[in-house]
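What follows is one structure encoded as structure tokens, with my remarks underneath.
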Amino acid sequence: MLPWEFSEDDLKDSLEYYPDNTIDEIRATLVAFSYSSYYVPAMALLVIYCLFVGLILADGILGCLPRRAVPRWIRAHVMEAPLATKKHHVAVGAGVIRLPLRLQSIVVGGLFLATFVPIFCFYRRANPDLYYDHAWEAHLRSLLDRTAMISTGLLPLVIVTATRRALPSVSGIDFGNAMVYHRWLARFCAIHGLIHGIGWSVSEGLRGHYKKEFKDPYWNWGCAAIAMFMGLVFLSIRQLRVKAYEVFIALHVILALFSLVTLYFHVKLIDYAAWMYFTWVVEIAAAIWGLDRLVRWINKAYLSAGTSFSQPLTQAVVTAHGSDIYRMRVHLGASKVQPLIGGQQASLLSRFRLSPINKLSAGTSVRLTIPRLQFWSDHPFTVIDAGLVNGAESQGYVDLLIRSADGMTKQLATLLQSSDDKALEAGSGTAVDRTMNVVLEGPYGHWHSSVVKHDDVLLFAGGVGITFCLPIFVQAAAQSDARCKLVWAIRDFDIVDSVADQLIRLDEVLRAAGPRSSKPKIELRVTAGEFFDKAKEEVAEGVAELKHSATDSDNALSKASSSASSTPIPSPPDEKAEYVEAKKIESSSKRLTALAARLSGSMDLVAVHGRPSKRVADHFEPHSDRTAAVIACGPASLCDDTREGAIFALRKGEWRDVEYVEECFDW
Ligand SMILES: Cc1cc2nc3c(=O)[nH]c(=O)nc-3n(C[C@H](O)[C@H](O)[C@H](O)COP(=O)(O)OP(=O)(O)OC[C@H]3O[C@@H](n4cnc5c(N)ncnc54)[C@H](O)[C@@H]3O)c2cc1C
């Protein structure tokens with residue numbers, strides 16, 4: 001029997017309560033009540049589920065279709081465009097809300113309408129109404145039933161959009177995208193729960209039963225469930241989340257579990273046929289969550305199992321580059337790794353993670369736990385390189401580049417500093433290695449195989465965002481004849497040092513491949529100013545000559561080195577800060593020049609001061625019969641600016657097609 005249906009037994013039971021009324025009057029009351037309280041919200045949920053399944057199917061199908069299948073103006077004005085201004089990753093409203101993209105907003109808007117319209121309309125009442133004397137009482141009761149059903153019905157969707165494995169295995173939808181829907185659905189779910197709770201409190205208060213209700217366990221479970229929902233929404237406020245992410249994650253999981261348990265008992269104890277379905281809904285939500293966790297644990301066990309009893313976990317070697325950049329090499333069996341160069345290109349279907357044991361490849365991300373530092377939490381990092389160990393074909397590796405922040409990564413820095421303080425002195429460039437056990441989970445995200453097929457490939461990396469951009473740059477340069485340019489905003493040279501080996505390997509591949517129509521170009525954009533501004537002071541002092549100009553970029557590199565080599569070095573300890581700074585400049589310039597010299601001219605490496613332009617036409621000459629890919633990874637503002645530049649080029653038709661891909665390190 002469906003939730004809005006009733007049996008002849010229900011009718012007969014009602015006859016006992018309303019002996020003065022006819023069976024038709026009782027039936028009419030039951031029909032109107034069931035329609036208003038159960039049929040309308042059930043239909044709303046059906047619409048919401050259909051929308052959601054449609055979204056998953058559309059995302060999966062679109063991901064497999066060639067880009068030309070979707071007209072350019074739809075991509076430029078709907079699918080890839082920000083909602084209003086360029087802001088998408090940069091939060092608005094005092095930094096609290098991140099605006100979805102236009103297409104995401106349409107989906108969220110559709111879900112909003114399907115969720116909230118039933119609050120306001122489609123109410124029916126029988127005449128005579130045997131249950132309620134006043135229309136407002138009848139409507140209030142139906143409103144409370146509707147909000148309860150919709151809130152409970154949204155739960156499986158809230159859970160499935162938060163899963164890392166369950167949703168990507170049936171749809172290619174990426175986690176960042178799913179998070180947008182997760183947050184909005186969770187807010188809708190909590191608002192309905194809150195209306196339900198407040199409404200019942202008012203209703204019971206008016207009838208003078210408010211205090212008495214707290215003696216009923218189902219009421220108390222309901223109060224607890226609403227408290228959990230509100231706690232989840234409150235603690236997810238961006239400012240709180242970003243301040244203490246690990247605390248947020250731990251509390252989020254605990255509160256989510258309690259929400260399921262408390263809601264389950266609340267619904268179960270109502271013991272009414274129409275609600276039986278909703279105990280199933282909660283059970284389904286819990287099962288999705290449990291299954292996702294199980295698959296994640298299998299994945300972790302597969303990737304992190306060590307080679308022997310004495311070495312139960314896989315091992316990683318960490319190398320420090322300066323004071324806050326660490327390159328971690330995780331050793332894995334060759335079968336777990338998809339090499340970046342020479343490996344098979346990932347297929348379109350790789351965006352569907354059907355198996356818990358997918359290979360790790362560069363450009364995807366992993367979740368890393370370092371048990372000796374923080375065994376309870378994992379952190380996402382992008383694989384910057386993956387390959388097989390030379391001379392040991394059964395062994396593979398994945399490399400991560402980690403910038404230290406304030407939590408686990410800071411602990412990592414402290415651990416390494418305790419290994420060798422002197423070697424880590426700023427700017428020394430001396431590498432310190434340390435071996436440790438790690439637990440990995442992944443891959444998450446997918447290799448964007450389409451972007452390396454374009455005629456022009458333009459990449460913008462901000463600092464450690466190079467982890468996402470470099471593998472694409474390497475693939476595009478090594479396996480196609482595309483015009484490739486990587487614009488990399490950096491604060492100092494340490495981070496460039498950390499990828500030098502990878503650039504040198506690319507250089508070897510390019511040399512072996514022979515001449516190409518245009519040299520790949522790397523433009524280092526030094527944004528912090530220390531490096532170039534200091535050098536500029538030297539110019540003023542007549543020590544050396546360095547142009548502090550973006551236009552003179554091609555000469556800047558060699559001039560930087562000549563400037564730095566003659567930097568006067570104050571003697572420590574009196575002027576320690578300047579001494580360290582001067583050492584840093586000197587060392588940076590030398591290393592930059594040395595790296596450029598090792599690149600044998602197969603690609604251009606230039607260093608320029610200041611922020612780069614995000615207009616595509618400022619980097620490549622536009623061509624209406626060529627296609628371009630624009631890729632961004634870095635701070636929120638860099639991603640938003642780059643999207644704006646790519647959309648501009650797409651709308652203006654400067655290229656036949658412009659594909660924009662981003663990874664913002666910010667969920
Ligand atoms: C998909 C993705 C890929 C990333 N790739 C890289 C990379 O290649 N190299 C790199 O240096 N950084 C990367 N990051 C950022 C990196 O995950 C955080 O810097 C790291 O988790 C900080 O950990 P912490 O405990 O030291 O930082 P905290 O100081 O505690 O937090 C700093 C910030 O990091 C973020 N963060 C912290 N913990 C988590 C978590 N468990 N999950 C998600 N975000 C978290 C939060 O926004 C927080 O505000 C990536 C992030 C994402 C989402």
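Cβ coordinates come from backbone N, Cα and C, glycine included.
Because the structure is a prediction, the values reported are computed rather than measured.
Features of the protein shown, as given by TrEMBL:
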- 552-568: compositional bias 'Low complexity' (COMPBIAS)
- 308-450: domain 'FAD-binding FR-type' (DOMAIN)
- 550-576: region 'Disordered' (REGION)
- 38-65: transmembrane segment (TRANSMEM)
- 106-126: transmembrane segment (TRANSMEM)
- 146-163: transmembrane segment (TRANSMEM)
- 184-203: transmembrane segment (TRANSMEM)
- 218-237: transmembrane segment (TRANSMEM)
- 244-266: transmembrane segment (TRANSMEM)
- 272-291: transmembrane segment (TRANSMEM)
- 457-478: transmembrane segment (TRANSMEM)
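Ranked by the number of CB pairs under 8 Å to the transmembrane segment (272-291), the listed stretches 38-65, 106-126, 146-163, 184-203, 457-478 are led by 146-163.
Here the listed stretches are 38-65, 184-203, 244-266, 457-478, and the one with the most C-beta pairs under 8 angstroms to the transmembrane segment (106-126) is 38-65.
The average pLDDT for the domain 'FAD-binding FR-type' (308-450) in the predicted structure is 82.
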